[in-house]
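Asker: Copied straight from TrEMBL:
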SITE      Arg15  site 'Transition state stabilizer'
SITE      Lys22  site 'Transition state stabilizer'
SITE      Arg155  site 'Positions MEP for the nucleophilic attack'
SITE      Lys211  site 'Positions MEP for the nucleophilic attack'
Amino acid sequence: MDYELVLLAAGQSRRMAASTNKILLRLLDRPVIEYSLATFLQDKNCTHIVLVVEKSEQQLLETFIEESGFSQTTPITIVVGGKERQDSVYNGLEALKGKAGFVLIHDGARPLIESKRIHHLVSKTVTTGAAIIAVPVKDTIKCVQHQFVEKTIPREALWQVQTPQGFSIETIKKAHQQAKIEGFHGTDDASLVEHYGGKVAVVTGSYENIKLTTPEDMVIGEVILLKRSKNKDGR
């Protein structure tokens, strides 16, 4: 089933301790954002990509897209993000063409998403209207107040949510528009759908689909890429 993609590349990278937006940092020999772009561009069902960027980096990324030749296979629209992530997603949704009927929303800081996970998510999104990728929590989670444990939360029901997240365009646009009117801010896009009474399905993801937030994450990301490269080469 065809879908469009909102790819978020706007961010401040405060915890990365870098002067450059983390999606422009190099992971092995390529900019972080290039990994997600390449993965989705290889999917023939991805019909349009909306790349949401910082205003100060718009020209830089436009040049990057043009020189890379990425837009020769799939149309790429670049739009400027907003103050918060939710504002950036809203701007991205407004730039969709709408013909596919479905959209995936993905953080550019998660460059290790695999094609098979995308395909599973799209299938679930088509049948349910809203779906997320997540993995079961492995650590024990405790509720802490004033530096003392209040209670231990049973982890059997806890899942760590990732991106991409998939929705019918109508569903997610309505949720974002209503949230904008009411001033409601969710921690992810699925939480907006949940807030307004929608059901969100879950697809099991991969623990390798990490978000690059700190310098240590960059090291882990490179290890994962090297492991995948060795497995691909049969070594």
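Cβ coordinates are placed from backbone N, Cα and C, and glycine is handled just like the others.
Context for these features, please: burial, neighbours, distances.
Answerer: Cβ-based neighbour count (10 Å, all protein chains) for Lys22 (site 'Transition state stabilizer') stands at 27.
If you draw a 10 Å sphere around the CB of Arg155 (site 'Positions MEP for the nucleophilic attack'), it holds 13 other CB atoms from the protein chains shown. DSSP gives Arg155 (site 'Positions MEP for the nucleophilic attack') a helix state.
Counting only same-chain residues at least 6 apart in sequence, those with a Cβ under 8 Å from the Cβ of Lys211 (site 'Positions MEP for the nucleophilic attack') are Asp107, Ala109, Arg110, Gln162, Asp217.
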Asker: Roughly how many Å lie between the Cα atoms of Arg155 (site 'Positions MEP for the nucleophilic attack') and Lys22 (site 'Transition state stabilizer'), rounded to a whole value?
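Answerer: One finds 31 Å between the Cα atoms of these residues.
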